[in-house]
Amino acid sequence: MYLTKEEELILAGEYGYALQKAMEILVALGDIYGADRLIPIKSAQVAGVSYKNIGDAGIEFLRDFVEAGAKVSVYTTLNPAGIGDDEFMEKQMEVLELYRKMGIEVTSTCTPYYGANLPKFGDHIAWSESSAVSFANSILGARTNREGGPSSLAAAIVGKTPNYGLHLDENRKATVIVDVKAKVKTFADYSVLGYHVGKTLGNDVPYFKNLKPEKTEFLKELGAAMGATGSIALYHVEGETPEYREAITDKLETITVEDSDLKAVRESFQDDWSDIDMILIGCPHASLPEVKEIAELLRMRGKPLKIPLFITASRAVKALADALGYTEIIERYNGKIIPDSCFVVSPIKGWYRGIATNSGKSAFYFRSFGFSVRLDDVENLIKEAP
């Protein structure tokens with residue numbers, strides 16, 4: 001991989017240990033993936049935030065960078081943090097403080113685009129959360145690979161990333177056409193579709209036909225579910241996403257999605273309400289319109305839920321919900337908005353037995369953790385819940 005004179009000096013340690021170590025990570029990645037050079041990035045989004053995921057070894061890794069004086073050189077935000085007991089939270093707060101000392105904005109969310117970290121079409125970025133990567137690539141038309149925590153941090157420190165993968169035009173072309181014959185209209189429909197397609201395709205770049213999403217949130221959930229059951233980091237939707245016109249250049253294989261395919265997924269996540277003791281919405285983190293809808297549905301229900309309803313959202317969305325009165329309504333009916341956190345990366349085994357959710361991503365992970373899972377649209381969950 002070609003390096004400029006300045007980049008060579010960084011790699012040689014002339015600009016300090018922190019930049020040298022970050023550059024070593026980027027050069028290793030570039031060599032592995034055959035990148036021709038490093039390219040500047042506009043922003044970064046760093047995973048490896050929950051203490052559940054990184055442990056003490058991760059804290060030592062971050063501490064080494066901080067003690068070497070590492071500072072990020074582009075606007076950088078974090079993935080959600082975990083929540084747990086007092087001992088866990090002490091470690092979790094240490095992780096956040098280490099990131100803060102590197103100049104990272106400690107807003108811990110998988111939807112940074114609902115706040116200040118909103119890239120423009122064509123921007124090169126280095127993001128690591130799978131659903132955020134999918135949203136940035138597919139809906140915003142920005143360009144990022146699905147980075148790991150260390151590589152996104154290294155890119156944030158250096159301000160550059162290796163030029164390979166989805167940064168290149170040729171790798172953003174569709175590799176398979178997905179002809180959707182099934183009826184797909186609601187949030188949960190898109191969630192189930194994403195679950196099925198991710199599991200079926202793995203790491204392709206799908207081009208969807210016959211989808212007419214009413215809300216951007218539907219596409220957010222489609223990408224999140226595909227990123228959970230597969231490794232899909234970019235997709236195109238005919239007539240909807242910004243790069244669909246240039247996405248097909250060759251004759252491609254077509255797969256068809258029928259109602260029966262989605263029915264099979266739904267039926268696999270229909271555990272009885274007697275096994276469910278929590279409703280979880282906000283995977284990826286909920287938007288303000290999603291929070292508003294939940295407040296309205298709870299008000300229509302007219303009586304408090306007997307099991308808790310947790311909504312995970314970014315700090316920015318929570319602040320708006322507070323100001324607009326949605327939070328007060330939600331709390332009146334046994335709900336709570338939890339900012340900057342994620343139950344998937346929290347040690348909650350033993351706290352609850354089963355979850356009800358509208359998220360295919362949540363359904364996938366919590367089933368793998370051994371929880372009972374019920375998957376449906378939030379309207380039905382709030383209406384049917386005890």
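Positions of Cβ are set from backbone N, Cα and C atoms, glycine also.
Record features (Swiss-Prot):
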type	residues	note
BINDING	GLY48, VAL49, SER50, ASN53, ARG63, ASN79, PRO80, GLU129, SER130, LYS361	(R)-5-phosphomevalonate binding site
BINDING	CYS110, CYS283, CYS342	[4Fe-4S] cluster binding site
Out of GLY48, SER50, ARG63, PRO80, SER130, give those binding-site residues positioned within 10 angstroms of CYS110 ([4Fe-4S] cluster binding site), comparing C-alpha atoms, in sequence order. PRO80, SER130
All-chain count of other Cβ atoms within 10 Å of ARG63 ((R)-5-phosphomevalonate binding site): 14
Looking only at GLY48, PRO80, which of these binding-site residues has the biggest number of Cβ atoms within 10 Å around its Cβ? PRO80
Among the binding-site residues CYS110, CYS342, which residue has its Cβ surrounded by the fewest other Cβ atoms within 10 Å? CYS342
Counting every protein chain shown, other Cβ atoms within 10 Å of the Cβ of CYS283 ([4Fe-4S] cluster binding site) number 29
Measuring Cα to Cα, how many angstrom lie between PRO80 ((R)-5-phosphomevalonate binding site) and CYS342 ([4Fe-4S] cluster binding site)? 6
Nearest by CA distance to CYS342 ([4Fe-4S] cluster binding site): which of the binding-site residues is it, out of GLY48, SER50, ARG63, SER130? SER50
Let me know how many other Cβ atoms fall within 10 Å of the Cβ of SER130 ((R)-5-phosphomevalonate binding site). 24
Reading the DSSP string in three states, the entry for ARG63 ((R)-5-phosphomevalonate binding site) is helix
